[in-house]
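Participant: Pasting the relevant annotations from TrEMBL:
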BINDING   44, 47, 48, 87  heme c 1 binding site
BINDING   137, 140, 141, 181  heme c 2 binding site
DOMAIN    30-110  domain 'Cytochrome c'
DOMAIN    123-204  domain 'Cytochrome c'
SIGNAL    1-29  signal peptide
């Protein structure tokens, strides 16, 4: 690991302090029933799974995700501040109320592992657990990695999606209000990212 790794606990603490304050909380609570109808009309389940558990490589599960985080990400997509295709195009036409309704629907679904998740590997789990502790992931994502407010739930998320997201943060390729993660991931190797992703994907 690089010498800058010694700075990462401070970076993680800074992220925990600043991240929730970057974007105001939604002005209203979303309506999950309207969100369910909207998700059906927009065929969100075609990629993210009808129950919010994605069976598509590279597509995140949304079930049980933090509503404020989902709201923020949909707004970033809608405003084309986050550029992962095809979401910026799919988010067009969503007003703030629709965004909050979708977020409320998916946040209320029971979380679970990806339908095609493979078996855990002991060595990768141990390495990922150690790295997650060293990087202080639990400061922002909570000890159970279920997230809070605008900090996402990462427990049980698709492994290859986590790996892609962490790599993008490290390489400064994912932009938005959560760029404190760029500092946290600085200097983390591909092998270490793979171990973290494997560990998180197998958390309940």
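Glycine residues also receive a Cβ, built from the backbone N, Cα and C atoms like all the rest.
Whatever TrEMBL says is automated annotation, not expert-curated.
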Participant: Just counting, how many other CB atoms are there within 10 A of the CB of residue 47 (heme c 1 binding site)?
Facilitator: 16
Participant: By DSSP, how many residues in the domain 'Cytochrome c' (123-204) are helix, how many strand, and how many coil?
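Facilitator: Residue counts for the domain 'Cytochrome c' (123-204) by secondary structure: 47 helix, 2 strand, 33 coil.
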Participant: When you put residue 140 (heme c 2 binding site) at the centre and draw a 10 Å sphere around its Cα, which of the binding-site residues 44, 47, 48, 87 have their Cα inside it?
Facilitator: none
Participant: Going by DSSP, is residue 44 (heme c 1 binding site) sitting in a helix, a strand, or coil?
Facilitator: coil
Participant: Closest of the binding-site residues to residue 137 (heme c 2 binding site), Cα to Cα, picking from 44, 47, 48?
Facilitator: 48
Participant: Taking the binding-site residues one at a time (140, 181), which has its Cβ surrounded by the most other Cβ atoms within 10 Å?
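Facilitator: The residue with the densest Cβ neighbourhood is 140.
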